[in-house]
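The structure appears below as structure tokens.
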Amino acid sequence: METINTTERLAALRDLMKKNKVDIYIVPSEDSHSSEYIAACDARREFISGFSGSAGCAVVTLDKAALATDDNWLLLKQGLQDVPTWQEWAAEQSESGKVVGVDSTIISAPDARKLLEKVKKRGGSDLVAVEENLVDLVWGDNRPSRPKEPVKVLARGFSGKDVKTKLEDLRKELQKKKSSGFIVSMLDEIAWLFNLRGSDIPYNPVFFSYASVTPSSATLYVDSSKLSEECITHLNDNGVSIREYSKIFSDVEVLSQSLDSEDAKLKKFLVSSRASWALKRALGGDAKVDEVRSPIGDAKSIKNETELEGMRACHIRDGAALIEYFAWLEHQLVVEKVEMDEVIAADKLEQLRSKQKHFVGLSFDTISSTGANAAVIHYKPEPGNCSIIDPKAVYLCDSGAQYFDGTTDTTRTLHFGEPTEMEKKAYTLVLKGNIALDVAVFPKGTSGFALDALARQFLWEEGLDYRHGTGHGVGSYLNVHEGPIGIGTRIQYSEVPLAPGNVISNEPGYYEDGSFGIRIENIIMVKEVETKHQFGDKPYLGFEHVTMVPYCRKLIDETLLTRREKHWLNEYHADIYSKTKDFFKGDELTMSWLEREIEPL
């Protein structure tokens, strides 16, 4: 791994801070669209800090610099007891009237508001929007260019719903909220709304854009050079105007002026609660804007039947690729005695996936991790800086792919030698939690917050736990992490009940630092189920699993499983066999591995 000396960069940034009369400068991880994954041109926090982790925020003063990140990284444990958040640390530094600055296009309006409150409380002077991004100025000509990848139309056979219908549904929501319009800033929401896909951000089939939808108009803001004639015709046919990406802020200022009349004052514009501070300011601030949970995000999270069928189909193909990979990997390590590192193994898995129908690319960096590396939740092996896979240790593989008909995310933990009793016990407790969530039946209106304990209960009985959520929403040929639903202890997961059509992960785990890690992840879909009674006349819901990859037989301690759990496991494995066996005709190695792993308990 390349070592980055950030001393000169920080010195240059501090010079610019002085010129702009800023004492403290905030460098978030996000781009202008609050994206989880970002393009290289937006990796400002990594550039200034040298830290390439998946989440965090850099705070730079004239004589100090701090980096806060989530507790999936052990080097800095924001979110743990007695460790301040970046907002708290920045506010502490702002005492005695100091000024805090930030690029207002890359911080959300709620985050900016919370930061200002903390700064004022600690005696700071103000939070100011610095017009030019100071890190970009330090980066200069070496900053990567903004991607200009082509945008493509997603066929109706994959989307399941046309753009006109989606716009009609959105306008009904605007009418309910008595709103003048919705300014859309989340890239996956724009891609979904207009049935378009791109590749501007690694692993996410999205493209840089904004959108504006009013009762009488719809406008897509995008670099028009990225649009083919097919895209232009597609948008025009659906009543969507095209404007250049750079015009969004000037255009929303004009839209804001339309609210100056007495008749319009009660009809605010809506923005997502993750929209940037800059966007909200351009629209006129609180007087003219309401921050809401995005109605597009809500609609997108409930898949239509075409999308659900696509998820079923792509998970069968993806499962076949994973089964072939695990059989191949075991043979290479155990029989051929090949020394293989984590990256080479991950590359082989990508190669096998790429042969599957409708394959587009990966949905995130493959976590191919052996031994102690498996205990690092967001571990990312790098060429030249990864481990040789140890056949005598636990191997955890968390991976996924993008297909035209869906998005996959599967984790399996395997052992190619003789696991310890603790490894088997931990694996089986995690498996029991995975099964408990899969078979859960619950009344309509139940949130993922309420279900989280089902997956943890068997670990809790032993005084064990894991420091991550149990489930995240999954897009349909879109982002692998999709809101607003989730299963976990975060209070936000109590705000949105699960609904039929939701697609979500089921991924309990257990990790022993420096030793091993266990995680089992299936993708499950919410559906209505029949129950003998319906208390309160409420429908009851359950799950349908679509992941088709067997569990590791060697790691299962059968004595810890109930008869019901064994029956469920045998039925699941039989289902996998029936749906994937035709992929392995003539492939004795893979078929032999599969038959061994699914042998009934």
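Note that the numbers count up from 1, one per residue, in the order the chain is shown.
Backbone N, Cα and C atoms are what each Cβ position is placed from, and that goes for glycine too.
Swiss-Prot lists D398, D409, E521 with the feature Mn(2+) 2 binding site. Per Swiss-Prot, Mn(2+) 1 binding site is recorded for D409, E507, E521.
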Environment of D398, D409, E521, the listed Mn(2+) 2 site - residues of the same chain whose CB lies within 8 A of the CB centroid: S399, G400, T410, T411, S505, E507, R519
Cβ atoms near D409 (Mn(2+) 2 binding site) (within 10 Å, other residues, all chains): 23
Neighbour tally for E521 (Mn(2+) 2 binding site), based on other Cβ positions within 10 Å of its Cβ: 23
Shell list (Mn(2+) 1; ref centroid = CB of D409, E507, E521; cutoff 8 A): D398, T410, T411, G471, S505, N506, R519, I520, N522, I523
Where D398 (Mn(2+) 2 binding site) sits in the secondary structure, as DSSP reduces it to three classes: strand
